Structure formats: C-alpha cells, structure tokens
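As structure tokens, the structure follows; a few thoughts come after it.
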Amino acid sequence: MARMSFVLAAYQMVLSLLMTSLTGSSLQSSECPQLCVCEIRPWFTPQSTYREATTVDCNDLRLTRIPSNLSSDTQVLLLQSNNIAKTVDELQQLFNLTELDFSQNNFTNIKEVGLANLTQLTTLHLEENQITEMNDYCLQDLSNLQELYINHNQISTISANAFSGLKNLLRLHLNSNKLKVIDSRWFDSTPNLEILMIGENPVIGILDMNFKPLSNLRSLVLAGMYLTDIPGNALVGLDSLESLSFYDNKLVKVPQLALQKVPNLKFLDLNKNPIHKIQEGDFKNMLRLKELGINNMGELVSVDRYALDNLPELTKLEATNNPKLSYIHRLAFRSVPALESLMLNNNALNAVYQKTVESLPNLREISIHSNPLRCDCVIHWINSNKTNIRFMEPLSMFCAMPPEYRGQQVKEVLIQDSSEQCLPMISHDTFPNHLNMDIGTTVFLDCRAMAEPEPEIYWVTPLGNKITVETLSEKYKLSSEGTLEISKIQIEDSGRYTCVAQNVEGADTRVVMIKVNGTLLDGAQVLKIYVKQTESHSILVSWKVNSNVMTSNLKWSSATMKIDNPHITYTARVPVDVHEYNLTHLQPSTDYEVCLTVSNIHQQTQKSCVNVTTKNAAFALDISDQETSTALAAVMGSMFAVISLASIAVYIAKRFKRKNYHHSLKKYMQKTSSIPLNELYPPLINLWEGDSEKDKDGTADTKPTQVDTSRSYYMW
C-alpha cells in the first residue's frame, strides 16, 4: 500500500512539472514580447519573504516604448537600461503588477511613467532617469507601495504633498539628486517609513525637527551632503532609529547634542569627516550603541580623556586610516564594559597606554599594526603575560623609534628593552607649525604628549611667560589636556608659542609660529651660537638655547657642527649634551663660517651660524716659544760669523773643498730654517688619518667629510 502511495505521489509530481513546463512554454511563446524573457522567478517581498512571481525581463533592449502584448498575469516587469521616456496605457491592464523597474531610462516627469491604478505595486525603481521635480500627489494611486527608489535623478524640487497616499511606504531612496532643502512636511504622509537615504544632495543644512514625523524610522543615511554642523534638535522624533550615517561630510566636531536625541541608536558612522579631536562628552550615555566608526578622518589627531563614556553595549570601535591620529588618552574609555574589538591600525599612533587597555575588561582583539610605534616603556604591556588580547596582524607591527630599533618587529625589541620610564614625546600634528589668524579670533592649540610617568604640559608665550593649568589670565587659558586657548588674539600676541611636555626623564617641545593679519612680531632665535675665544689655529665656540622657549633639561636627538671656508669644508657630529666646542688645527688669518644644527625626535631642526677670522700667527707665540727663538737666533748668529771667517780662509782652496763647504752650509741651513705654516698646521682631517696613505702623499681631500671630534670638545 505504501509502495502504491509513493508511486502515485511521484506521478502527481511529474504531472505538475509537466503542466508547469507547458504553462511556461505557452507564456513564452504566445504572451511574451519579442526579445524579452518570461518565466517564473524567485522574488522577495520588502519584508524579505520568499515568493515566486511571473516575471517579464526586457532589460537592456534599447526599447523606446513598453511592449504592448504583456500578460495581465505579469507580477514583475523589468525594463531597466532602455530609452523609454513616456508611456501611454501599456501598464493599465497589469492589475497584478507588484514590482516595476524603470531605472536607467529617459523619464523627466513622474506623470509620464503612467502609474495610475497600479494598486498592487509594492516596489518602484525610477533611479538614474532625468526627473527634475516631484509635484503634489504624483504617487497617490500607489497605496500599497513599500519601496521607492528615485535616487540619481535631477530632482531639485519636491512639493509638500508629493508623497501623499504612501502610508505603507517602508523604504525611500532620494539620494544623489539636487535637493537644497529637506522639508519635514514630506514625511507627514509616510508615518511607517523605516529606511531613508537622502545623502549626496547639496542641501544648505539640516534643520531642527527635520525628521520629527518619522517615529518608526530605523535607518537614516545623510552621507556626502557637505554638512558642517548638525543642530541639537535635528534628530528629535527618531525614537526608533538604530542606524545613522554621516559618512563623507564636513563635520568638524561630533554632533553630541543631536546624538543625545536618538536613544536607541545602535550603529553610528562618522567616517570621512574632518573632525579634529574626539573629546570628553562626545559619546556619552548612548546606552544602545553597539558599533562606532571614526575611520578615514584626515584631520583627527586625538581621542581625549573620557571621549567614550558610559557606553554599556558598545562592542566594536573602528578608528583606522586616520593619518594624523597620534594620541589616545590613557583614560579615553570610561564605563565601556562590553567592548570586544578595538581597531586602531593605519594611524599615526606612537603608542597605546596599558591603562587604556586595562579599562576595557572584555577586550578580545586589538589592531595597532601599520602605526609608527615607539618601542619603549609605554608599550611594554604588549609583551606582558598578563593579557589574553589577540593582536591582529602582529607581523606588521614595527618600531619607528628610537632610531636604533627602526624597522624591527615590536615584540623582538621589547624583549631587549625593559625600562619603566621614558622621555615625553609630543604627538605629531596635534597642532600646526605655522598659523595665520585674523585679529580678534580665539585660537586653540592642542598639545598632547605620551610618556611614563605621565608628563606635565605647559606653554611658553613669545614674551617668555609660562602658562600652566593654574595660570590666571584673561588672555591665556590652559586645559588639563594641554590645549592652550588664546582669546581675541591681537597683533602684539603674534610670535613663537612653545609647548613643553616634561617629566622626570626630561622634556620635549614643539613650536608654532602665529601670525596675526599676516604680521609676525616675534624675532627671537631659538638657538644662538657665538665665538668665545679665537686663536691663530683654533676657535672656541659656545651656544645656548633661548630660555623663553626651552627647558634646561631638554634633550636633542642629534647635533652637527660644520666649519666652512672657500678651501675646506668639514662636518662633525657633536654630543647632544655639549654646549661648548673647540675647533682646532685651523689656518691663521683665515675666514671661517661655523654652523651648529640640532634636531629633536620629531626631526625638527634649528640652525645658528657665526663668521669668524683666526688670529695672525705672530700673536700666538707664547713665552717659551719666544725664549727658544731668541736662543736659536743667537746660536745661528755665532755660527754665521765662524762660517764667514772660514770662508775667507779657504777662499783659495781647491774647487772640491769649496764644493764640500757649500754642501755643509746648505745641509745646516736646512736644519735650522722655519717650517712653513701650512706644514705646521695640516688640515683638520689629517689629524685622524694617522699613518694612512694620505699622510704619505701629503694631500687633503677637500670634500665635506664626517669626522669624529670627540677629542676636541669641552663639557659644559
């Protein structure tokens, strides 16, 4: 019995397939327009429910009108990429039509599409046409429409009642048009809208209450609109919003007030905005936020203290490909217990503090590769056995500094270096090297530094005044983060401002030159070299740093001394803790230019030069030399008298005796003559060539040469 039931079921299945095949064949042969494809295809409703639909596919046929012999059973009509600009009544008999695709055609007006009486239509594609406006009630017959794609057109005007009748609309794509305003009245007719994409429109700005009628909206995309600011009440009414994108705008700060009005937000995209810093309160009390993206921000330099605060459900933070992001405060995260993934790769970070990582109890993975990492005490935690955090792409983690470790893998270096304290280093790009401000404006200079122990930050003004957090001044104010505020700047405030970061190990500095209305009053020189003593064969030079801009324990990373005249040029590296230098083995009565160049760890350089002429050799003889010379002259005089008498006595001697006498006199005179100065004082380079071939040849290379002058300097 079971066998017969199985055979009967199989027979019925074959019969059903045969009938379907015959039906499809009949549809294709008798009711399918020429060149089109007519068949039953899978179809998904706007709610992603699977169905099968009778589909007529006439895409890419260069049609100028809709085929006339369409079956009334057609449910999906695809006419994409044709040249249709107008319909007559070809659609009026398609009572079962649920999806219509007119994308990439030549419509300029919605009325010309012929949408009357399409009461079953749920999805309409009109993207990439030439539509310029949407008039009142232009879609009122589409009472069941759930998806409207009208993006990538030329729409500049939408009337207040253009969407009237679309009470069931769930998805609206208006992006990439020419809209200059967003009118909240548009949305009065779409109370059930869940997804709105309106980016890439040249809107003048977002207004307060712009989206208030959209209480059911779940996703809002405001990308590529050149927005510079989001008003505090712009997002009021979006109580169901879960996903928000401000991608590729011109926001210079996080719209924290507006974000507080979307209590259920889960996904926030702020990527590709010129936000300068993420500061305290920017992301605070966003209780449902799960993922945050702050990638590709060309101006982002720092994530400050408590920038992310009380985000109990945040699980993923992406802050990658920010070319200036060089500083994350050790207390950047507060009450972020659920964070599992922290992506910080491809930035300008020199380090991430251990305390930052320890504040994230559920952190599972971190990505800090492709950063110019500073391999010293700040990142020793990376090699700690106490952490179970997985490092993404660890083989791409290389040291950028100190110089002796550059290019080596981080973990290999940290095994060798176990120091617990290290010098401060001011983060690169936190403020520019030069500014030109308008008179009366307020200036903010953000200085950030990393070190162990944590450095103190203060600023020094062009007049040498030290500005600290405790300083009381109407002109200057310093935040605990290191941001100097200069109120209502005037021309007399122009000049050199120096940030100093200092701890027990030493200090680091960075300078910004500020012009006001193009004027710079400050002429102070950071580094000054001067001649302390001049002799015929040596010069003693000294230098000092302007006390207005440097601290006494500032350490340079390198220093170079160069001496130059038209005949010789020599360069030597100077120990960085030296403030005096004795240049020896010089030529008398010769002009020289002596230059000192110093560089800090940021490769910022300061240079100072001085011109000097060595003394004449006659003034350089000491007393012992004079006594020796006098004695030598007396001996030579006596000998000369004896030789003169002998010459008269043997005048009549034989020629060979006269010859021998002449030879003896010549030999004696060679022993007693003065040595030329250019032999007594050979060029500086010869002093360190020792017994080399150059000594034998008696020649000097006049090309600039790197030499060791460790024997000729004096310690301060």
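Backbone N, Cα and C define each Cβ position, glycine as well.
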- Item | Disulphide pairing with CYS447 per Swiss-Prot - partner from CYS399, CYS422, CYS499 | CYS499
- For the repeat 'LRR 8' (240-261), what are the same-chain contacts with Cβ under 8 Å, counting residues 6+ beyond its ends? 199, 215-234, 267-276, 278-279, 281-286, 288, 299
- Residue distribution over DSSP helix, strand and coil in the repeat 'LRR 3' (120-141): 0 helix, 5 strand, 17 coil
- Write out how many residues of the repeat 'LRR 1' (73-95) are helix, how many strand and how many coil, based on DSSP. 0 helix, 3 strand, 20 coil
